[in-house]
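Asker: After the structure tokens below, expect a handful of questions from me.
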Amino acid sequence: MQAGRQLFLVDCWLGVLQRASAGPTHTPAVCQRCCSTHLHGDRISDLGDLLITHWVTTFALDPPPLPIIGSPDTAETVEAKLKASGHDIEYQITHHTYLNTPPLIEVYEYTKGFVGAPPDGVSIRGSTNHGPVTPTIGFRIESGPTSVVLTGGTVPCASLDELAAEADALVHTIIRKNIVIRVHQQADQGHLQPPLVNRASDSNRGARGHRHPGHNVLCP
């Protein structure tokens, strides 16, 4: 999402780079911040691809580091992704004359509090509840009078209410039991479902579920 002149990527789902390439910017290199709500595999499936592609397509001799904001253990995960791409990094440096060093990444780990200052406008005001994964965090991105909350997966909790209070929109993952019927016993453990979305915050004005492409649910 874009806030002012800043472009944020929240979670690295499968296919996120293809979606970014199809957008108006056509490249993930313009992403100024990568925000990670938690370390479930589906949230970081394309993280390694993002690290390499962002690095290669910046086309600069001295590119700034890519900031990644996430929960504890994010730095370890990023390091593992880079290690897995070690041979490719060597190949890319050999092939591209403008690449002199491996990808530069700065990882910031938080569970609550304010992160950055204008024009960044990113705040983490508390953890969310997506057990058994812990900790998980939500992001509130603000630009001028507009604020959008992106929380990943969670169930209603006090910190989510606080994070989403008076926000213009809540972007949130939900699970639909009719789609994942074979694992329905697990569907209500750590995830919202469509009838419960609006319980996340009485003050939020919109929530969009994006867990299953083509099956989005919009709850006013």
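Any Cβ shown, glycine's included, is placed from N, Cα and C.
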Asker: Name the residue, out of HIS130, HIS172, that Swiss-Prot lists for the same Zn(2+) 1 site as HIS38, HIS40, please.
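Answerer: Among HIS130, HIS172, only HIS130 appears alongside HIS38, HIS40 as Zn(2+) 1-binding in Swiss-Prot.
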Asker: Which residue, of the binding-site residues HIS38, HIS40, HIS130, has its CB surrounded by the fewest other CB atoms within 10 A?
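Answerer: Taking HIS38, HIS40, HIS130 as the binding-site residues, the minimal 10 Å Cβ count falls on HIS40.
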Asker: Measuring Cα to Cα, tell me the gap between ASP42 (Zn(2+) 2 binding site) and HIS130 (Zn(2+) 1 binding site) in whole angstrom.
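Answerer: That separation, Cα to Cα, works out to 14 Å.
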